[in-house]
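Asks: If you look up Swiss-Prot, you'll see 46 marked as active site, nucleophile. Feature annotation from Swiss-Prot assigns substrate binding site to 45, 46, 47, 48, 87, 92, 93, 94, 98. The feature NADP(+) binding site is assigned by Swiss-Prot to 167, 168, 169, 170, 171, 172. According to Swiss-Prot, the feature site 'Important for activity' maps to 77, an assignment based on sequence analysis.
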């Protein structure tokens, strides 16, 4: 059974999600204690936390906080997710990279096996296919472009503004590149690892600073965009209270981190603070066109889901067929060698006998293999289970 347990921006705001992470970790730990978890992949982004588990038995997970989907529904969700249909900004590309990273991490941690590998590889393939064959990701569709659009809605033109990017990771990079299209004055990048800040700043033709130099730089900054992976906040009312009152009232901060980087109390100083929740309401100028493209994407997902389901069903009998063929070939070869040893045959005749034994073996296995394939296609678990017992466990 494939199980997906998740919380995302569709059912919770950022604060609720932040508080729910530990609870989801606890549920996962309890499942590991009670059940034999065969495979696992974890996907964690700024606006979703998802766990995919492969379990060799039925399981009921009572929860009102999280979404729980199984088998076909879990597969369909992952394919939709990889395609950008489940994103806060429909069609954005960032989620596809995040799914690739989740798969790589699972490979590194040795928690992924053949089935989830097939599922995630298919999801990545579907995401790439949809972006290639539809226009769903065209027209400024990324969290980065959405963040910039939000700032423009709230602040007006970014022309001549000084921007501080805190965090040179994936999100910081996406937002920074969206800013390149605007006529900002200066983009300053701060990161705990200075080399990463310098690398991103070079791409932006901006300036890199060390993390502990931020206070000195804030006096020149109009817009702060923060997206670090820090477990605690890095900007608070106390930290920026030294700035002139007029400057604080003109300053806008956008917190794209989860858990949050910027404390809400900065608003008490007059700072305009926005977070990921506010991105939901960004005006989407291309929404109607992308909805049309989503219909095309849904058709691709439907076809690819059917192919994946059939492939997963056939995987159930792969070890049985492998064992059957290996054992049959082993016996055929043993008996052939005995016979050829007793008979004084020339090379041509030996080949004919070899061909004969192969033909007999293939014909004997033909109906068995076809029946197993039919059982897999019909999801006949009893037949497959019995075949495994007979051909695998008793050998």
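Here the Cβ of each residue, glycine as well, is placed from N, Cα and C on the backbone.
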Asks: Show, in sequence order, which residues other than 45, 46, 47, 48, 87, 92, 93, 94, 98 on the same chain lie with their Cβ within 8 Å of the centre of the Cβ atoms of the substrate site.
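Replies: Going along the sequence, the neighbours come out as 88, 95, 143.
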Asks: Can you tell me which of the binding-site residues 167, 168, 171, 172 is spatially closest to residue 45 (substrate binding site)? Compare CA atoms only.
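Replies: Closest by Cα distance to residue 45 (substrate binding site) among the binding-site residues 167, 168, 171, 172: 171.
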Asks: For residue 77 (site 'Important for activity'), list the number of other Cβ atoms lying within 10 Å of its Cβ atom.
Replies: 19
Asks: What does DSSP call residue 172 (NADP(+) binding site) in the simple three-state scheme?
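Replies: In the DSSP reduction, residue 172 (NADP(+) binding site) maps to helix.
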Asks: Around the NADP(+) site recorded as 167, 168, 169, 170, 171, 172, what other same-chain residues have a C-beta within 8 angstroms of the site's C-beta center?
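Replies: So the extra residues in range turn out to be 165, 173, 174, 175, 191, 227, 228.
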Asks: Report, in whole Å, the straight Cα-to-Cα distance of residue 93 (substrate binding site) from residue 170 (NADP(+) binding site).
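Replies: Between the alpha carbons of residue 170 (NADP(+) binding site) and residue 93 (substrate binding site) there are 12 Å.
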Asks: Within 10 Å of each Cβ, count the other Cβ atoms, then let me know which of the binding-site residues 167, 169, 172 comes out lowest.
Replies: 169
Asks: If we check Cα distances from residue 93 (substrate binding site), which of the recorded positions 46, 171, 172 wins as closest?
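Replies: The answer is 171.
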Asks: When you look at 45, 46, 47, 48, 87, 92, 93, 94, 98, which the record names as binding substrate, what is the longest CA to CA distance in angstrom?
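Replies: In whole numbers, the farthest two Cα atoms are 15 Å apart.
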Asks: Go through the binding-site residues 87, 167, 168, 169, 171, 172 and tell me which ones have a CA within 10 A of the CA of the residue listed as 'active site, nucleophile'.
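Replies: Cα filter at 10 Å returns 171.
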Asks: With H, G and I counted as helix, E and B as strand and the rest as coil, say where DSSP puts residue 77 (site 'Important for activity').
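Replies: Helix, per DSSP.
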Asks: Fill in the CA-CA distance, residue 169 (NADP(+) binding site) to residue 77 (site 'Important for activity'), as an integer in Å.
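Replies: Between the alpha carbons of residue 169 (NADP(+) binding site) and residue 77 (site 'Important for activity') there are 26 Å.
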Asks: Whole-number Å distance between the CA of residue 98 (substrate binding site) and the CA of residue 168 (NADP(+) binding site)?
Replies: 16
Asks: Only counting partners 6 or more residues apart, tell me which same-chain residues put their Cβ under 8 Å from the Cβ of residue 168 (NADP(+) binding site).
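Replies: For residue 168 (NADP(+) binding site), the qualifying residues are 189, 191, 193, 196, 197, 199, 200.
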Asks: Quick check for the class: what is the C-alpha distance, in angstrom and rounded, between residue 167 (NADP(+) binding site) and residue 77 (site 'Important for activity')?
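Replies: Residue 77 (site 'Important for activity') has its Cα 30 Å from the Cα of residue 167 (NADP(+) binding site).
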